[in-house]
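Pulled from Swiss-Prot:
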- D13: active site, proton acceptor (ACT_SITE)
- H41: active site, proton donor (ACT_SITE)
- 12-18, 40-42, R306, 332-334, 414-416: GTP binding site (BINDING)
- D13, E14, G15, K16, N38, A39, G40, H41, T131, R145, Q225, T240, R304: IMP binding site (BINDING)
- D13, G40: Mg(2+) binding site (BINDING)
- V300, N301, T302, G303, R304, P305, R306: substrate binding site (BINDING)
Amino acid sequence: MTNVVVIGSQWGDEGKGKIVDWLSERADVIVRFQGGHNAGHTLVVDGVSYKLALLPSGLVRGKLSVIGNGVVVDPHHFVAEVEKLRAQGIAVTPDVLRIAENAPLILSLHRDLDALREDAASNSGTKIGTTRRGIGPAYEDKVGRRAIRVIDLSEPETLPAKIDRLLTHHNALRRGMGLSEISFNALHEELTSVAEHILPYMDQVWRLLDEQRKAGARILFEGAQGALLDNDHGTYPFVTSSNTVAGQAAAGSGLGPTALGYVLGITKAYTTRVGEGPFPCELHDEIGKHLSTVGREVGVNTGRPRRCGWFDAVLVRQTVKTSGITGIALTKLDVLDGLDELKICIGYRLDGKEIDYLPSSQAAQARVEPIYITLEGWKESTVGARKWADLPAQAIKYVRQVEELIGAPVAMLSTSPEREDTILVTDPFEG
């Protein structure tokens, strides 16, 4: 038995929700370790759909769910998401949900700054494509050592000084942007009004997880977004504001790296991306439209359409290395049904030279051209397949080619949005 880290191996939206739900039924503890409420996913349990963005997926199954210190927590969204789950009959109490006392808070001033910057960048043609939910500015305050954290809400005697320090920074920014300043009283009221809703869930998460590990609990670390959006290893600056690679599961939860275990990379059978940034295999033709339409490629949280393209083995192979992926869960294979031929990117051409990696340079990333191999497609349906024998021969060939090119085996194969439509090759908890 081992613990499991689940991450997206591409730019997010790989289908983590279904796989995490499948695994969470077998887990004892589910942990969020990075990001905020900027990446949503939908779980379908007994025919009921649950849309989550901040809360761990294990809540819908009554499992102990933990929001780690690596997550930035919007208290207003937290309350709204909890209330929505309760309205759907899910019990959300401190018995099943814990929040790290050292998790930073996202406040209204962070959302304001995020939106203002994105608007300014849009006007200058340099926008990143953020969700405008304050994630980036909240992480900036964390790194700048001025963030207000969950535990600060429990110490009213020291909170005023922390508010002053935060406002000194933000009001200087607002003055420079021609905006009115935020008053001490307004921010103090915002914080005190949410304290009673957050503090009952506060805990020393690092200690809790260590105790659970020693007791033999199966711990599932639930990553958000994708490794190619990692602040260090992604397509910088078109990335998120946190680390999304598997190593962050340790830093963002307080449980040491030796406890992480199996790393499962959720990998879509083609490639999608939301927002701005390089996308070497992007398709603007009828195939791209097919992938978008059949794959229903629209963001759960934002409603933004996703850009679509062929499978990029170069990128996933790189993620396998940077995240130490043990095996992948290949999703949305059924979206490829009916295509006459399929292409897989096996390398890039940069200024006339062939390379087998994505360069770090933003300019070089924009210039790379994909090198493809072409495989025969299949006409049969793979929808609902639950064993290898149900798959067309060409579909199996496609899967084997992906394994060979990325240097990692397929541990799970998803053939529809339904959780039961999954071919299990290797149980990550037993891996």
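Note: Cβ is positioned from N, Cα and C throughout, glycine not excepted.
Reduced to three states, the DSSP call for G15 (GTP binding site) is coil. Distances between the Cα of N38 (IMP binding site) and those of the binding-site residues K18, G303, L333 are shortest for G303. Look at N38 (IMP binding site): DSSP puts it in coil. Annotation: G40, Q225 are the binding-site residues among G40, T42, Q225 whose CA atoms are within 10 angstroms of the CA of the residue listed as 'active site, proton acceptor'. Note: the CA-CA distance between K18 (GTP binding site) and H41 (active site, proton donor) rounds to 9 Å. The DSSP secondary structure for L333 (GTP binding site) is helix.
Its Cβ placed at the centre, G12 (GTP binding site) has 29 other Cβ atoms within 10 Å.
The secondary structure of R304 (IMP binding site), as reduced to three states from DSSP, is coil rather than helix or strand. The Cβ of G303 has fewer other Cβ atoms within 10 Å than any other of the binding-site residues G303, P305.
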